[in-house]
Amino acid sequence: MTIALGKFTKDEKDLFDIMDDWLRRDRFVFVGWSGLLLFPCAYFALGGWFTGTTFVTSWYTHGLASSYLEGCNFLTAAVSTPANSLAHSLLLLWGPEAQGDFTRWCQLGGLWAFVALHGALALIGFMLRQFELARSVQLRPYNAIAFSGPIAVFVSVFLIYPLGQSGWFFAPSFGVAAIFRFILFFQGFHNWTLNPFHMMGVAGVLGAALLCAIHGATVENTLFEDGDGANTFRAFNPTQAEETYSMVTANRFWSQIFGVAFSNKRWLHFFMLFVPVTGLWMSALGVVGLALNLRAYDFVSQEIRAAEDPEFETFYTKNILLNEGIRAWMAAQDQPHENLIFPEEVLPRGNAL
């Protein structure tokens, strides 16, 4: 018996090969297999958001006006979450809630579920697009890995957090002022600013901004004067083989400033990747914790002493009182279906009052 080893070649292309050739063809806008997920989902998510902010009211879900048609502007318009009574319903247009009635579906908050789902899939499609292109041109996949940070934050905030609560109602609505309201809600009900995962997220994002500013300024400061152009952009050939700036000079400069400096470009750029992505992932993990109602840092001894001693108060105890005020105000305003009424004597008062 003879076994022949070799590369198998097909005589003619099948449907998959034809599709692969067309999708991955070199064109102005790359499509790829990832584009089958990215482009339709991005189109539907953006289209749903523009439709909702232009025409759809939030009167039936939040008791609010939220569209341009009702007088809102870009900062106050939003696609609002479904009512709390709908819990975690997928709110399909053909489902038992809307029963195929598009107007009723919009009034119930179906557009929010539509935008959230397609938005998440579009972000995942964009990450897969970066994977696919990187593989095609034989690059490492670090762009896609970095983009996992924003995806983790989006999925944790818009999907996982409300899944841990009583319904989609407690997710952020898709609008600028609506997300500001959600941030205040997070602070009042979860003391989010004192959560260690939020602290790591802030350190990551602001640290990344600092690293970008330092890196950009350092590169500009140490450019080689190779060209005759009057500015940076005309001085160099985009296909040049030589270095654009002096890493050695930059290293000497920061060694004198801080006493330490990055010794090579690989470590420097990996650190610039690591800091923001880790910060975003930590924030996402923190939000998953909030979905389970895990608490932030509590300094109970300070709260007890502040309650017993009228002259003792810290910034922490003042913030706790502020959180109580946010809860007392937002619970009644934000959940009108609960008919909550708080008499004045139960509202929080600081020792200074």
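Just so you know, glycine gets a Cβ as well, placed from its N, Cα and C.
According to Swiss-Prot, the protein has these features:
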MOD_RES   THR2  phosphothreonine
MOD_RES   THR2  N-acetylthreonine
TRANSMEM  41-61  transmembrane segment
BINDING   HIS118  chlorophyll a ChlzD2 binding site
TRANSMEM  125-141  transmembrane segment
BINDING   GLN130, ASN143  pheophytin a binding site
TRANSMEM  153-166  transmembrane segment
BINDING   HIS198  chlorophyll a PD2 binding site
TRANSMEM  208-228  transmembrane segment
BINDING   HIS215, HIS269  Fe cation binding site
BINDING   HIS215, PHE262  plastoquinone binding site
TRANSMEM  279-295  transmembrane segment
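For HIS215 (Fe cation binding site), the nearest of the binding-site residues by C-alpha distance turns out to be PHE262; the candidates were GLN130, ASN143, PHE262. Within its own chain, the transmembrane segment (208-228) is flanked in space by residues 234-236, 240, 242-247, 249-250, 253-254, 268, 271-272, 275-276, 279, which lie at least six positions past its ends and keep a Cβ under 8 Å from the stretch. Listed in sequence order, the residues of the same chain lying 6 or more apart from PHE262 (plastoquinone binding site) and placing their CB within less than 8 Å of its CB are ASN251, TRP254, LEU268, PHE271. For the residue listed as 'chlorophyll a ChlzD2 binding site', other Cβ atoms within 10 Å of its Cβ number 21. When the C-alpha distances from HIS198 (chlorophyll a PD2 binding site) to the binding-site residues HIS118, GLN130, ASN143 are tabulated, the minimum falls on ASN143. Same-chain residues lying 6+ beyond the ends of the transmembrane segment (125-141) with a Cβ under 8 Å from its Cβ atoms: 24, 30, 32-35, 37-39, 41-42, 147-148, 151. Looking only at other Cβ atoms within 10 Å, the busiest spot among the binding-site residues HIS198, HIS215 turns out to be HIS198. Residue environment of HIS269 (Fe cation binding site) contains 14 other Cβ atoms, counted within 10 Å of its Cβ in all protein chains.
Other C-beta atoms found within 10 angstroms of the C-beta of ASN143 (pheophytin a binding site) number 15, with every protein chain shown included. Around the Cβ of GLN130 (pheophytin a binding site), 18 further Cβ atoms fall within 10 Å across all displayed protein chains. Separating the Cα atoms of ASN143 (pheophytin a binding site) and HIS269 (Fe cation binding site) is a whole-number distance of 12 Å.
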